[in-house]
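One structure is given below, encoded as structure tokens.
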């Protein structure tokens, strides 16, 4: 009861979390709509498996555990729950207690909790409990296999009898009565025999169950679990009750073994195969043997899977496939080789599950058959995962016909089309297309080792081989378009090719975003662009999600899809409006637009009709310009200039509003919060554009002139002209400040010594010439300003001579030198009084003019012009270099085109298939949307690389039961360090580098780990000789490692044997069989 209470408490906590997840799912559904209720296969991951595992429901097992659930699991583990599970499994003889212990272990391990896995490994490995622990599972598997062997013959006899009757009935319906009359007696006898056998089997089963109930009254729960079928019908219950408890208990056991290896725990994967004990129990081989017997290969019925797999045991078969898959993924090469080289028909069974039809189960529950095929294909992929040799792939190819895979893909594609037409695929039910996609990826991996299969996967070749040019080619064409491949670099610097399904959400990425990312991403020091490309991933992924959401709003999606068209129309309307304003302003009623001859007017009507037809036939931005020109000209000479400008302004305003709606629809601006809206400069720019359109429409036509600045936003060349001034703006401003300082100094010198030379010719306005000959000011000015009766004589003389003194004050000197000196080619000397050689300051004047000319005009101004010109030249060369790089350099690895000359793979093929930049983006999306517990080995590796802060926290040492308090104190200390970080530089730390939480935060914030990207490397450039040498070295290393392991195993066994011999010798001496100790000291002389 104590064990049940612990499990019930954990299940209750998990149920509360699940209720919260359900509520969250309902709220998301109400907000986003029905498109959120999708299976994982909607994302195209191709690795989602419908249905729950043993001991849990679908949602519980498929979702990653929340932090609260992990805390509960860790809390129970710290109280000794994992040790309790191991002790109960080893010591109990009660089936109910054993079952509850397995379910408790499943609850602790749910979600692949690494700490719980390490705790189990520590208890089994360090404390030497593994031999008895694995012996229990080994015996359970052996008992289940015996039960299956004992019952499969009776089931086979029943099914064969039924099939014989159906065949005879079919023959009788065809008109051949003779055969039926001959076999009537035999059929009657078989019917009687079948009924007797069925009654005997039912009676035996009931007697066995009643006998077990007498021994254990709690067995009803186990029997009830065995009787819960998928459909709940009477026939299903009858079939399931025939499965003995020894077989039904295997499902939670296999689930437990799967959870031990979840998230590719390499230690436990190897530990299930080899415990380094005196007696090793290879549970990997036993699980494969169990699958072999479950599917009936030991009876010789390999191709008759439908006779053995039914709704009662299909969940157990599926769980077995998933467990074996988890054994291999990571990859664990030893388990892969163990499964591939096993003497049983395991590989044959897995292949048969993929290529054969499983009837009669497939007629009633095709979804269950699809799950089996999906899991079987994933298992074969796991067996070949991350292997650099072709041994396993060749074994698989040897046992199958390649065209069978193509046929299965074609059939799955056809079923997918039918299900889409019927719209009967709902919830988490797996789709036939996804199953076919997984099989296509399996065939793609096998095609590397089979030229015939490689040719068969080509859509055109497949159509010819299948004698079907449409359906077979369409199926393979669909799978090829939705499959991508990339190359990654492992920790040991070896490269690996990954083939994966493209998530469906990736199809919502717009072409505008692709062009923008491709042209604006910057290169790093190693010539690769992956660093900058990776920083844009979140924005691109959010855009995909937003685009997927607006697909349900057809109007918004239509406007958003034509955003470039609306932008072109706005610019052309702005240009035409300003042309009309420039030609005909000011507007009057005297016929500014003129009158057209009749022939020209007819030609204009014809041009309008033709341009309108082109707009609908060729809906491109190029056809918009002639249409707008013809409409405007026709309206000017039909409606008039004023109404035409009003209509053009209103049309431009309306079109820009449509453009803004499209822009918001593409970017999802308002979903990012008000702060993001305020900081979004493109959005503010378009809002300002609308405001200017309203000012031009309602205030004055001259405001339309500001719309022409949109050309800067549209043309990169013109934008570079502006950047030539703004990029080095600091240098230009500082140089201008130096020029002002020099002007100020020259103004002081001119004010002190050359004040009389600052005489300039002026031309006054006609109204200012009304001066009295006696020097009086104009009467109207005197009445307003109260000026004196007489002006200074100097002013009247200057006015009479047409000159004016401009340096009577220092301020006027500065203004004159700045204005006239910088604008004249010779400097300020061009506007001063021409001096005579007899003047006393003639030499000073010459020096003054020359210094100003050389220092200010020649040096300072040319410095400013030089900075602008050099910047513009740099921008132009940078643009040309960028265009050259885009054409001749790989975006991902940075290799240039000439590296692929005279190679088997061209540069175009390399950037299209091997290092396609969008394939890497799709792979990151796949890692984002896929359930972490469903990751393959490469996917898990990349997920850890892009999340370094979580990677190194998971790779911690398992907590020891005796040191829990010390570790808690250490955890508190590290939390204090995190909350109050010390000033830099940090003192030396005795912990490993990545185990310190502060350094973890620094590492994750400063730089993402992008070492998995191939830089300056490509697998196609590796020569076959070097590849062969590398494979040979790798095989030698593997052989050396296996030899070292074998030697250590033999040494341990030898030491154990020596200890046993010593113990036996002591026992015999104590019993007196060997006599006194001195007699036994004689040694046999060595020969």
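The backbone N, Cα and C atoms fix where each Cβ goes, glycine too.
The domain 'RyR/IP3R Homology associated' annotation in TrEMBL covers 247-353. If you look up TrEMBL, you'll see 683-879 marked as domain 'Ion transport'. Residues or ranges marked as region 'Disordered' by TrEMBL: 221-242, 959-983. Summarising the annotation, TrEMBL assigns transmembrane segment to 563-587, 599-618, 639-663, 683-712, 732-754, 850-873.
If you look at the transmembrane segment (683-712), the same-chain residues 6 or more away from its ends with a CB under 8 A from one of its CBs are 570-571, 574-575, 577-578, 581, 585, 645-646, 649-650, 652-653, 656-657, 659-660, 663-664, 667, 669, 677, 718-719, 722. Here the domain 'Ion transport' (683-879) returns a mean pLDDT of 81 for the predicted model. Shown for the domain 'RyR/IP3R Homology associated' (247-353): DSSP residue counts in helix, strand and coil, namely 70 helix, 0 strand, 37 coil. Same-chain residues lying 6+ beyond the ends of the transmembrane segment (850-873) with a Cβ under 8 Å from its Cβ atoms: 720-721, 723-725, 727-728, 731-732, 735-736, 738-739, 742-743, 746, 821-822, 825-829.
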